[in-house]
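Student: This structure is in structure tokens; I'll ask about it shortly.
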Amino acid sequence: MRNLVFQDPGIRVSTNTTQSLNHIWERIRVPVVVPALHLAMYLCIAMSIMLFLERVYMAIVIAGVKCFGKKRYTKYKLESVKEDLQKNKNYPMVLVQIPMFNEKEVYKLSIGAVCGLSWPSDRLIVQVLDDSTNEVLRTLVDLECRKWIERGINVKYETRNNRNGYKAGALKEGLKKQYVDDCEFVVIFDADFQPDEDFLWRTIPYLLNNPELALVQARWKFVNADECLMTRLQEMSLDYHFSVEQEVGSSTCSFFGFNGTAGVWRIRAVNDAGGWKDRTTVEDMDLAVRASLKGWKFVFVGDLAVKNELPSTFKAYRFQQHRWSCGPANLFRKMVKEIMFCERVSIYKKFHLIYGFFFVRKIIAHWVTFFFYCVVIPATILVPEVHLTKPLAIYLPATITILNAACTPRSFHLLVFWILFENVMSLHRSKATIIGLLEASRVNEWVVTEKLGNMMKQKYSTKASKKPRSRIRERIHVLELLMGMYMLHCAIYNMLFGNDHFFIYLFLQAGAFFIVGIGYVGTFVPN
């Protein structure tokens with residue numbers, strides 16, 4: 001009785017609440033949580049195996065391609081085409097489009113690089129499609145175009161009073177201009193891309209050599225890959241995309257997703273596929289899929305790289321990844337029936353499009369990374385009735401990770417950081433794919449990726465020692481902090497009651513979520 005009278009009421013309430021929560025947990029754990037977790041685990045295991053088999057398949061294909069020298073672009077005999085062009089002077093008319101929107105830091109770089117392309121000036125039209133809302137910037141871009149016009153380059157500066165269709169709308173409007181009627185090919189460069197002067201000589205001959213070819217895609221080379229840890233990790237992911245995914249698609253069934261830039265299209269193929277559409281945020285992939293269903297072929301030129309810039313701020317990278325993850329899922333929803341019932345392509349190509357290209361790479365890859373490795377596996381630590389074997393929890397993801405990192409050997413020592421960062425980003429990518437599949441809010445959100453440019457990079461490098469002021473609301477990311485708390489709880493529980501050392505991974509992953517959650521990642525740029 002004395003204990004009841006003199007016990008601190010706050011402690012008594014806290015104890016009772018804890019006991020109640022423990023009681024509720026014990027009541028629902030076996031009949032509810034265990035079956036649900038078993039189901040989630042089996043689904044994630046199935047997805048993990050699907051991703052593993054897809055990665056192994058691509059590894060086998062790319063190994064065969066490299067060992068036997070079967071890269072598709074090496075099969076073309078282009079020397080005779082180049083000699084014919086130079087001898088007979090029958091150069092095709094080429095249109096180069098540079099879509100931009102408030103690209104203050106990079107507009108000079110892209111316009112200057114494109115205007116320096118080695119191609120007869122009377123057979124080249126440079127079209128600057130400027131949707132900028134800043135009138136001062138429009139004036140600057142116009143002056144830059146006039147400067148190159150005075151040097152003998154045929155530059156067309158086109159603006160719109162609206163941003164209907166965003167990039168797709170600008171490209172579509174650009175192709176409607178009367179002076180484009182004489183053009184046979186169109187080249188697209190985003191505002192931060194800087195092609196070498198021989199770009200056209202290394203791409204146009206492919207299209208002249210094969211009339212069934214619609215697209216020639218070059219790979220990307222990153223000028224700021226060493227700017228910070230985040231850009232190095234991006235380089236690892238994108239190197240795998242170009243070195244393996246694009247190369248395998250080009251070598252096996254002549255299909256891969258257009259990257260939206262650094263590519264040359266046959267204008268007739270663009271029109272035949274129905275032109276540019278703004279129904280998703282991946283207008284480039286949309287056009288590529290429709291052109292492929294019309295029977296057109298693509299080729300990826302892996303030894304031709306175009307310099308460009310990686311997003312170096314986390315805010316810019318997060319918006320980019322939302323668009324790149326939401327758009328393909330939404331396009332899959334819109335086109336899966338059209339692909340299934342298309343009669344012009346083979347069953348193998350349909351399977352490659354639906355299963356390999358869309359389902360596994362664009363949806364499953366994000367879901368299994370987040371739900372399996374960040375939610376389900378940590379949850380099994382809290383529920384001892386659910387057992388997970390080591391081959392599924394360790395060996396499968398390890399194999400997938402090594403296959404990915406092998407494409408960027410210079411960053412192999414950053415493998416652990418890459419795993420942790422990709423797991424954090426899978427939170428946003430998984431959410432974005434669900435939004436795309438359900439066509440929920442933000443499905444058509446389009447935020448132009450912020451670019452700093454070489455001049456801005458030099459400018460801010462001198463201020464690297466000063467921490468810029470930033471709003472707390474912009475720096476704090478609640479979802480990452482919640483996931484970090486969840487992983488930390490699982491790590492502590494495993495360290496106290498587990499009989500393995502899985503808590504090491506959980507502590508590291510929790511730390512990664514916390515670091516991103518407080519915005520301490522990427523380059524800091526003052527407003």
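Cβ atoms here come from the backbone N, Cα and C positions, even for glycine.
Annotations per TrEMBL:
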type	residues	note
DOMAIN	186-379	domain 'Glycosyltransferase 2-like'
TRANSMEM	39-65	transmembrane segment
TRANSMEM	363-382	transmembrane segment
TRANSMEM	394-421	transmembrane segment
TRANSMEM	476-496	transmembrane segment
TRANSMEM	502-525	transmembrane segment
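Could you place these features in context, so I can see how deep they sit and what lies close by?
Tutor: Here the transmembrane segment (39-65) has long-range neighbours at 71, 243-245, 247-248, 251-252, 356, 360-361, 364-365, 367-368, 371-372, 375-376, 379-380, 386, 388, 392, 396-397, 399-400, 403-404, meaning same-chain residues at least 6 beyond its ends whose C-beta is under 8 angstroms from one of its own.
With a cut-off of 8 Å between Cβ atoms, the residues of this chain six or more beyond the transmembrane segment (502-525) that come close are 227-231, 311-314, 317, 374, 378, 381, 416, 420-421, 423-424, 452, 456, 460, 467-468, 470, 474-481, 483-485, 487-488, 490-492, 494-495.
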Student: Residues of the same chain, at least six outside the transmembrane segment (394-421), with any C-beta under 8 angstroms of its C-beta?
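Tutor: Here the qualifying positions are 48-49, 51-52, 55-56, 58-59, 229-230, 232-233, 235-237, 239-240, 243-244, 373, 508-509, 511-512, 516, 521.
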Student: Please give the sequence-distant neighbours of the transmembrane segment (363-382): residues at least 6 beyond its ends with Cβ less than 8 Å from one of its Cβ atoms.
Tutor: 37, 40-41, 44-45, 47-48, 50-51, 325, 328-329, 332, 388, 393, 397, 422-423, 426-427, 429-430, 432-433, 437, 483, 486-487, 490, 493-494, 498, 502, 506, 509
